[in-house]
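Enquirer: Supplied in structure tokens, the structure appears directly below.
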Amino acid sequence: HASARGEGFLLLKADCNKGYVTVKQIGVNPTSVDLVDVGKDEEVKMRPGQVLHIVNKLYPFVVQFGEESEESVMEAEEKIQTEKRPCEDSCENDDIENVPKKAKKMEVVDTQSSSADLRPSKSSVSPHEGTTSRKEHLGHWSQGLKSSMQDPKVQVYKDEKTVVIKDKYPKARYHWLVLPWDSISSLKSVTREHLGLLEHMHAVGQKMIQQCPAKESLEFRLGYHAIPSMSQLHLHVISQDFDSPALKTKKHWNSFTTEYFLNSEEVIEMVRSKGKVTVNDQASELLKLPLRCHLCKQQLSTIPQLKEHLKKHWTK
């Protein structure tokens with residue numbers, strides 16, 4: 001933003017990997033982040049969830065990080081383009097490292113003109129107060145797994161090697177993510193030296209199943225997505241009922257019910273024998289397969305039809 005004389009000029013620099021925008025006030029007109037003045041020639045870091053006011057608190061903005069990709073695994077286009085769900089599919093949407101064919105996108109959202117569903121921070125004053133929504137997602141989840149795993153509010157188990165969090169958008173009644181504390185971007189980075197860690201992650205996943213109150217009536221699978229849509233290695237522990245409103249697309253379904261979902265034990269054996277994990281280059285094509293029931297293999301035309309069909313298996 002800049003006035004004719006440069007009085008309200010700001011310099012914004014986005015660091016997409018770290019999930020913040022550096023705000024530097026060049027002009028003299030007051031600029032604030034969460035109502036704290038930046039100061040002329042000073043700079044602060046603004047993260048998703050904070051509100052930037054330009055020129056005497058007249059123009060509030062928030063920042064949103066998303067991703068764009070022709071082959072985005074988990075509906076990245078849907079996340080960016082829809083107002084209602086900016087952070088779909090396990091909120092696997094940011095902090096992406098070394099993932100090919102993906103570009104980061106930073107949006108500065110004018111909270112007055114385009115986002116009537118944004119909730120302001122507690123310290124800000126806005127006519128939209130009381131509405132739910134996007135802003136809540138822009139807190140820690142929009143910054144990716146690396147920040148989420150550090151948040152005690154979402155941790156359900158932790159030890160010296162791993163932490164378990166509930167999937168923000170669970171695709172079944174029970175859906176956890178087991179993550180290592182060590183920074184490991186994906187299965188591509190795994191070597192034989194990580195074998196013990198993978199075995200430990202699997203054991204932690206089994207522990208989550210054992211403490212589940214529905215363990216006697218539900219089947220579970222432990223595994224990894226062939227092409228993860230966010231960085232930081234994570235093991236899915238998911239019940240096989242797939243009874244969840246967050247399961248909305250064919251890609252969601254196929255990512256857990258085709259060979260796109262790599263069984264944890266098979267990954268461990270691959271690392272043990274080959275020293276690395278190899279993934280089929282055409283794995284993304286699996287997401288386009290027709291919808292089939294994972295239990296009886298009946299083909300269904302739509303997600304609503306599939307969900308109705310699944311209910312037949314629950315009662316057996």
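Numbers run from 1 along the shown chain.
A Cβ is built for glycine as well, from the same backbone N, Cα and C atoms used for every other residue.
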Enquirer: When you get a sec, could you say which of 38-60, 199-221, 245-267, 291-313 is annotated zinc finger by Swiss-Prot?
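Expert: Here Swiss-Prot associates zinc finger with the stretch 291-313.
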Enquirer: May I ask you to indicate which of 87-91, 102-106, 137-141, 232-236 is given in Swiss-Prot as motif 'Histidine triad motif'?
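Expert: It is 232-236 that Swiss-Prot annotates as motif 'Histidine triad motif'.
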Enquirer: Around SER148 (site 'Interaction with DNA substrate'), how many other C-beta atoms are within 10 angstroms of its C-beta?
Expert: 25
Enquirer: In whole Å, how far is HIS236 (site 'Interaction with DNA substrate') from HIS225 (site 'Interaction with DNA substrate') when you measure between their Cα atoms?
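Expert: Rounded to the nearest whole number, the Cα-Cα distance is 8 Å.
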Enquirer: Measuring Cα to Cα, how many angstrom lie between LYS251 (site 'Interaction with DNA substrate') and HIS236 (site 'Interaction with DNA substrate')?
Expert: 16
Enquirer: Counting other Cβ atoms within 10 Å of each Cβ, which of the recorded sites HIS225, HIS236, LYS251 scores lowest?
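Expert: Counting other Cβ atoms within 10 Å of each of the recorded sites HIS225, HIS236, LYS251, the minimum falls on LYS251.
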